[in-house]
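Asks: Take this structure first; my questions come after.
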């Protein structure tokens, strides 16, 4: 038979006795009832009932003869709600104020050996926390691994430890250029970093000429879910066909400040394949970016995307700047010749 815990039901009877002190026969009746109930629960409960009897008998005397008997009862009365409050999870207080599975208190049953909960608010709060954060098997729910923030592209390494191409305003960097690309060797791989002023996609193509068609293309595509995915394409004429075989690894990307930025690695040497080139050879680089619809790339933003002036070797690191169309006005030979002619005309004047 399970032994009751100290401070369980007896504590509640003590509070009842203290509240009814001075009522004479009612006190004795209450104590006798407590002794009869607690006596069946074992020696500790019987001892508590005996102590209760002594306290209540002393309370029947005039207060002047027993002034100190009220002090412990007053302290217990004040501390009772905290010390004796049974939690909803207490086994001894089942449905309807009964024992386990609704049996009357003190009744024995085959499930008496079942584990019990502590009757305290702290235990109830702990159990609520466990139910909330533990699975049905009692194990913590798996949590997603922490996501590292996208490391910013270091343009100060351009021309030193990696090669870079910048297209846009003079002096722009990876966060302000219309288009930015960097590459560097890492073991048997080449790491590429791409960034463009777009909310769709940014790509680099490896071509045997400076024209679109028959090109191996790696693109970073911003989809409708906010993710940036690395995809492999092959240019068939003016149309980019997605290739399921994707040589990219260690992919990461982010869309921030209306820019698509990504980083990935690609092996230098690959098995012979029409759609994947060997990067240990030199190729022209094609630079393109544009909008995307439901995660699918569409036509690039400008009619004539920039390209590298010459073939690029991954073993040679350069920092190459290409001014965008807005900054090419005074750099063309025709414009320079026109400026010289107008200046000469203004200085010499008309005859």
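Yeah, the Cβs are placed from backbone N, Cα and C, and that goes for glycine too.
Computed from a predicted structure; not experimentally measured.
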Asks: When TrEMBL marks a stretch as region 'Disordered', which of 54-87, 88-121, 122-155 is it?
Replies: 88-121
Asks: Restricting to the domain 'DOMON' (177-292), report the mean pLDDT as a whole number.
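Replies: Summing pLDDT over the domain 'DOMON' (177-292) and dividing by its length gives 93.
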